């Protein structure tokens, strides 16, 4: 016990973070990272830590996951989520789920209580009922901002692509004191997407991947591009070839950009506890904790660092 120093890294989505939402995004990723790290510090599992970190962001309306998710063409919230255990490559995912506050919890149940890895839409709904997960009325998940944006996108001269730059997928990766890694990713998807559209998040190897032999990664950005290059698995492949997390992340993001013109961001931790948060978009909110030091940023090259104790005391006073 205590062989590995635990590490957690979280992201709150890559894209363009509008000025008025910057503070909330920063506070949200910091809070999520501290919550996940709290679990790791007590000897908890990487799996529990990433689930808790993601749940924290699903509950935060600043992010496009859980409450605050963007709306599909019909004005409904449809969410995707995945979780993966690096110990045995077990994974659970849900896609196109509605009326659930925390899709990541449902993904974890799919992994642990079924023989399957991915449940979708109506089937996921039935499974949630069977598991006793309370139903959240759809409108409870819809923020005024998502609603306004949806209406704007319906206007004849609108360009939904313009808004897609603000992609708030959330994710977490961690390594625990036993040396196990895990990843979790959750999203509301693309604004004004077709009904039933599933992006990269629910797809193993695209939205996330975890393997104790190399590490774990969680992605954010343009889902269709991420799927084309199987981004999360691609990063681990590069690390298996000897690249550091940072170089592996940059190499994979660069490939996605040159090969399919896609932008995005990733968080990574390797099997020895080195981590990276990298992105090819203008911004990505991220936070990481290692050695009781909290690091966070939004802009390229930006990195603030303070001790976890200091962060926790300002956290309890409210940001």
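In case you wondered, yes, glycine gets a Cβ from its N, Cα and C as well.
Remember, TrEMBL labels are computer predictions, not curated facts.
Per TrEMBL, the features are as follows:
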type	residues	note
ACT_SITE	169	active site, nucleophile
BINDING	197, 198, 199, 200, 220, 221, 222, 223	substrate binding site
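Look at the binding-site residues 197, 222 and count other Cβ atoms within 10 Å of each Cβ; 197 has the fewest. Of the recorded residues, residue 222 (substrate binding site) and the residue listed as 'active site, nucleophile' place their C-alpha atoms 10 Å from one another. Using a 10 Å Cα-Cα cut-off around the residue listed as 'active site, nucleophile', the binding-site residues 197, 198, 220, 221 reduce to 220, 221. Taking every pair among 197, 198, 199, 200, 220, 221, 222, 223, the residues recorded as binding substrate, the greatest CA to CA distance is 16 Å. Around the Cβ of residue 198 (substrate binding site), the number of neighbouring Cβ atoms within 10 Å comes to 20. Neighbour counts were taken at the CB atom with a 10 A radius for the binding-site residues 199, 221; the maximum falls on 221.
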